[in-house]
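Worksheet: one structure, shown below.
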Amino acid sequence: MGDKNKKWFSLNLNRKVSNETTCGCGKSSGGCGSHNSNPIPNTDSKIKSIGGERTKDGFEQVFDVKMDRRTAFKKLTASLLIGAGAVSTSCSMLTGDETKEKAQIDWEEQFKGNYKLMTDDEKKGTVDRLMRSYELRTGKKINMSSKNANEDVLFGYAFNISKCQGYMDCVNACVEENNQDRDSQMQYIRIHEMKDGRGLDFGEADDNYYHEVPAEGHFYMGTQCFHCDNPPCVEVCPVQATWREDDGLVVVDYDWCVGCRYCMAACPYDGRRFNWKKPEVPEAEINHNQHYLGNRMRKKGVMEKCTFCVQRSRAGKNPACVEACPTGARIFGNLLDPNSTIRWVLENKKVFRLKEDLGTEPKFWYFMD
Amino acid sequence: MGRLKVFKSLVKDSLDVITHGSLRYHIWMASLTLIMLIGMYCYSIQLEEGLSVTGMTDRVSWGLYISNFTFLVGVAAAAVMLVMPTYVLKDIDFKQAVLIGEGLAVAALIMCLAFVVADMGGPSVLWHMIPGIGVFNFPNSMLTWDVIVLNGYLFLNITIPFYILFRHYQGKEAKSKVYVPGAILSVFWAVGIHLVTAFLYQGLQARPFWNNALLGPRFLASAFAAGPALIILVLAIIRNFSAFNIQDKTIKKIALVVTVAAQINLIMLVSELFKEFYAPTHHSESAYYLFFGLHGKTALLPWIWTAIPLNVLATVLLTFHKLRNNFKILYLSCFMLFIAIWIEKGFGLIVPGFIPGPYGKIAEYTPTGIEIGVTLGIWALGAFVFTILAKTAINIELGKIKFKK
């Protein structure tokens with residue numbers, strides 16, 4: 001987002017004059033190594049920066065590049081361990097075609113590139129592989145999308161503190177929609193129960209209550225990932241496994257994440273969750289309508305977070321929390337559409353955001369009736 | 001070809017040296033091996049089950065591993081306090097100790113890297129971080145800076161002593177033209193590794209406990225106290241168990257370095273405490289939690305109230321020349337200082353950063369047995385590596401192993 005396209009107020013703290021890339025180094029020369037994603041179709045395969053991620057698919061991003069002997073050796077050792085297993089399976093005479101195909105998919109998935117840097121074809125390729133892999137493993141079909149951000153869309157969210165009664169329907173809907181680990185009860189949304197007369201005192205609030213709501217003398221306030229316009233979590237990621245999409249969603253490539261949890265330490269809003277163990281969702285409860293960047297099944301040791309239900313929002317629907325809320329406290333929409341409800345709220349209500357002093361520019365506003 | 005032959009012979013000789021020794025030496029190495037094996041077993045459980053076998057949670061997402069990593073970066077950086085006087089200021093008194101200091105830096109760096117890998121959720125995809133084949137988010141992410149400086153420092157600290165020892169092994173003098181530029185570079189680099197590691201935390205606006213301009217300088221001061229303190233202890237042991245002659249005045253000079261660094265560290269501690277407690281704000285809550293506990297949650301109190309008295313006592317003892325020049329008291333103070341700074345720059349720095357959480361939630365952290373097992377295993381690995389390096393270096397320096405033409 002260049003400053004000139006902006007249609008909402010911002011503090012302009014920490015904001016660099018950007019050139020339509022998500023990189024924050026302020027240069028366009030590509031020296032920082034994070035510019036190779038911009039306008040993707042670059043068919044001249046001779047011009048490459050990092051390993052030629054621009055034009056090649058999957059593990060070709062990694063392997064089909066000009067390299068000297070040293071790099072080749074480096075890559076060989078890196079892949080040897082994982083490769084050995086896959087090769088031994090795929091070469092065995094006793095295994096069937098399906099096992100071979102599975103091994104092939106595992107191999108390609110292990111060495112595919114960063115989703116952020118893939119072309120649309122490559123994105124489709126990995127999504128197809130993941131769908132096929134799921135079918136081979138469970139015999140069931142899923143539908144996974146790799147839909148990119150729509151033009152002229154910037155998602156925003158507003159939360160009406162006066163309306164929320166703390167029913168937590170949003171939390172349950174979110175868990176079901178996004179295939180979160182049931183065992184550890186991972187939840188993207190936290191509802192804080194606050195005491196009347198104490199203002200917004202998060203320290204006194206309880207975000208883990210088990211009693212009938214609305215409780216006498218309390219009011220409720222929900223938090224989740226605020227999809228900051230200047231997200232600190234994105235800056236700190238050492239491998240660019242998390243980034244801000246063009247429609248403002250801050251997403252994670254679960255397959256690229258190395259699990260260092262630096263983004264978690266950097267987030268001032270408790271917006272990120274980590275898979276401390278292998279996430280488990282009973283087969284019957286799995287939501288089969290998935291998006292690569294959204295609710296597809298995660299593995300252990302990677303970060304995940306609220307994506308404003310990218311699988312729904314990019315298909316023109318509201319996120320699950322908005323749809324589930326029985327009080328109408330949650331409002332979601334396109335900030336660039338002057339006729340949207342969210343714009344109406346921003347223009348007619350006294351809205352505020354949390355920790356504005358940090359310069360993170362959340363796209364999540366609170367207001368009261 | 002000639003060099004290759006010498007190298008082959010060096011490897012053979014050093015293998016010979018490290019596999020032979022007194023009974024005590026064998027017991028030492030065997031117990032280290034045992035601890036490493038236990039650590040590896042614990043790590044295999046962690047690999048299988050995921051990081052859920054540790055005490056870390058979404059509320060406190062870094063724990064014992066990152067604490068030890070942070071502390072050990074300081075120990076590694078401390079080698080500069082011996083390198084600078086020896087190679088740059090040409091102080092002859094440090095000459096015997098400097099190789100030991102560099103060996104310690106290598107061991108500490110290997111431990112650092114091991115701790116970082118142990119903390120990763122997906123060690124099998126770590127190649128994503130290798131520049132060239134992965135995506136290296138440089139210069140935006142301080143973690144990428146840290147990867148560069150740590151590996152660079154490791155390289156410097158392996159090559160410089162290796163060159164010197166390689167020459168001595170052949171009975172030749174090391175050419176200062178070759179290694180002094182590297183040594184000077186490593187002086188700056190050492191400051192770099194610790195500052196960059198501090199910036200890793202200092203740059204997070206989300207964590208007010210870390211987001212503090214004194215963090216980096218205080219890292220340096222504590223590192224230059226704890227690291228040389230460890231070197232003194234190691235030299236004392238080496239003096240005791242080998243023929244390697246380390247003079248009293250060498251140890252006394254290093255003790256002076258420790259003393260000054262410990263004093264500066266204490267001044268900075270006072271400054272930090274003053275800022276947090278004279279006019280406490282919302283951002284002082286982490287410090288309150290660390291020193292006094294919050295809402296009845298007091299897990300860190302025993303740790304920090306062990307660290308602070310030890311730190312003060314050791315610094316006071318070191319300050320008096322008479323006491324410092326008494327080697328028994330010196331060793332005791334160095335030990336106290338080392339423990340105090342390990343607590344303070346490890347546990348006492350990382351854990352309170354997450355408590356209270358971004359919305360004031362206080363969830364405490366206690367490491368699990370598996371986490372402690374892996375940690376001990378990595379420490380044993382460090383000790384093992386150091387013993388091997390030191391034994392080889394000492395034998396070359398003593399002329400016990402030599403290249404035979």
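Keep in mind that glycine also has a Cβ here, set from the backbone N, Cα and C atoms.
The transmembrane segment annotation in TrEMBL covers B:27-46, B:66-85, B:97-118, B:147-166, B:178-201, B:221-242, B:254-274, B:300-320, B:329-352, B:372-394.
The transmembrane segment (B:97-118) makes no contact with the transmembrane segment (B:300-320), as judged by fewer than three Cβ pairs under 8 Å among residues 6 or more apart in sequence. Below 8 angstroms of C-beta separation, residues 60, 62-64, 66-68, 70-71, 74, 201, 209-210, 219, 222-223, 225-226, 229-230, 232-233, 236, 251, 255, 258, 262, 265, 286-287, 289-290, 300, 303-304, 306-308, 310-311, 313-315, 317-318, 323, 365 of the same chain, each at least six residues beyond the ends of the transmembrane segment (B:329-352), sit close to that stretch. Across B:27-46, B:178-201, B:254-274, B:300-320, B:372-394, stretch B:254-274 shows the highest tally of CB pairs under 8 A with the transmembrane segment (B:221-242). Comparison of B:27-46, B:254-274, B:300-320 by number of C-beta pairs under 8 angstroms to the transmembrane segment (B:372-394) places B:27-46 first. Counting same-chain residues at least six beyond the ends of the transmembrane segment (B:178-201), those with a Cβ under 8 angstroms from any Cβ of the stretch are 70, 73-74, 76-80, 83-84, 86-88, 142-143, 145-146, 149-150, 152-153, 156-157, 159-160, 163-164, 207, 210, 215-216, 218-220, 223, 349, 353.
Long-range contacts of the transmembrane segment (B:254-274) within the same chain: residues 81-82, 94, 97, 212, 214, 217-218, 221-225, 228-229, 231-232, 235, 287, 308, 311-312, 314-315, 318-319, 324, 330, 334, 337, 341, each at least 6 residues beyond the stretch ends and with a Cβ under 8 Å from a Cβ of the stretch.
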